[in-house]
Every structure is written in C-alpha cells, then in structure tokens.
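The ATP binding site annotation in Swiss-Prot covers 9, 10, 17, 88, 89, 90, 98, 123, 124, 125, 126, 127, 128, 129. Annotation source Swiss-Prot lists substrate binding site at 9, 41, 73, 87. Positions annotated as site 'Transition state stabilizer' by Swiss-Prot, on the basis of sequence analysis: 17.
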C-alpha cells in the first residue's frame with residue numbers, strides 16, 4: 001500500500017495546497033495531511049483549527065485524512081508506515097530548499113522518498129502568507145482559498161481586531 005504524507009503548516013490552507021492534495025491523492029492509496037503542531041512560525045490558527053479547516057476542504061477525497069503532528073516528519077512517516085513525502089514546488093527557490101530537506105530526510109530514513117509536484121500555473125505565486133496579508137486588510141481572498149473557509153479566515157481577523 002502506497003502511503004504518502006503531505007506535511008505543512010497550512011495556515012490557512014490555500015487553493016494551491018488543495019491542488020497538490022488532489023493530484024497527490026491520485027497516485028497514493030492513502031494520503032495523510034500532516035499538520036505541523038510545533039512550527040517555527042507563529043500561526044494565525046491553532047493546530048486544531050487548521051486540522052478542522054483541512055478536514056472541511058478534503059471531505060470529498062476518500063483516501064485523504066488529516067492528522068496533527070510535531071517532531072521530525074520522517075519519524076511521523078515511520079509511525080504511519082508511509083514511504084513517500086509529498087511537497088509542492090512553486091519556484092526554483094522552493095526547489096533549492098526542498099531538495100535539501102528531501103536529501104536530509106532520505107539520510108535519516110533511506111526508505112523515505114520525496115515526491116515533488118510543481119504547482120499548477122494558476123497557483124504558482126500563492127502562499128498562506130499572501131492570503132493572511134490580504135485578509136488582514138479585509139481584501140478579497142476568494143480566488144486564493146476554498147470557498148468553505150473564507151468566512152472563517154475573515155472572522156479570525158475580525159476577532160483579533162476586537163481583542
């Protein structure tokens with residue numbers, strides 16, 4: 001059975017992430033979206049919120065599940081019996097960084113291989129950081145995130161403003 005892990009912070013999940021999820025789910029028997037709990041970034045959403053948002057947007061993909069984790073991705077993969085790590089590449093700068101990580105992960109566990117997906121052209125510029133920047137000013141994020149989570153993102157910023 002081919003089990004893949006797509007790790008990330010997904011803060012928030014974007015249409016670019018969803019594109020990689022849908023495409024990678026086609027080549028894996030099971031795809032686990034690993035939501036990083038101890039990211040070095042300060043998240044907008046808690047890990048629990050990010051898991052719920054992802055579950056909402058992938059509910060129509062039967063072989064995908066969402067799990068929070070912390071620690072090394074290779075240890076998480078080993079625990080789940082996964083042999084493949086999924087990564088999306090937007091630009092050559094992504095490739096340089098992701099290649100280093102992929103080679104390091106392979107050194108840590110030689111049974112782990114990284115599968116790279118180049119981002120579809122319409123999402124090649126997109127990042128969660130861009131979405132957060134636009135949303136923080138009340139801009140239109142409907143072209144960047146799944147419709148089902150747009151209001152949740154705006155609500156998060158409205159709540160931050162009223163605190």
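From the backbone N, Cα and C atoms, a Cβ is placed for every residue, glycine too.
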DSSP-derived structure type at residue 124 (ATP binding site), helix or strand or else coil: coil
Alpha-carbon distance [residue 9 (ATP binding site); residue 73 (substrate binding site)] in Å: 12
Secondary structure at residue 87 (substrate binding site), reduced by DSSP to three states: strand
Residue pair residue 128 (ATP binding site), residue 87 (substrate binding site) - Cα distance, angstrom, rounded: 15
Euclidean distance between Cα atoms of residue 87 (substrate binding site) and residue 98 (ATP binding site), Å: 8
Number of Cβ atoms other than its own within 10 Å, given for residue 98 (ATP binding site): 16
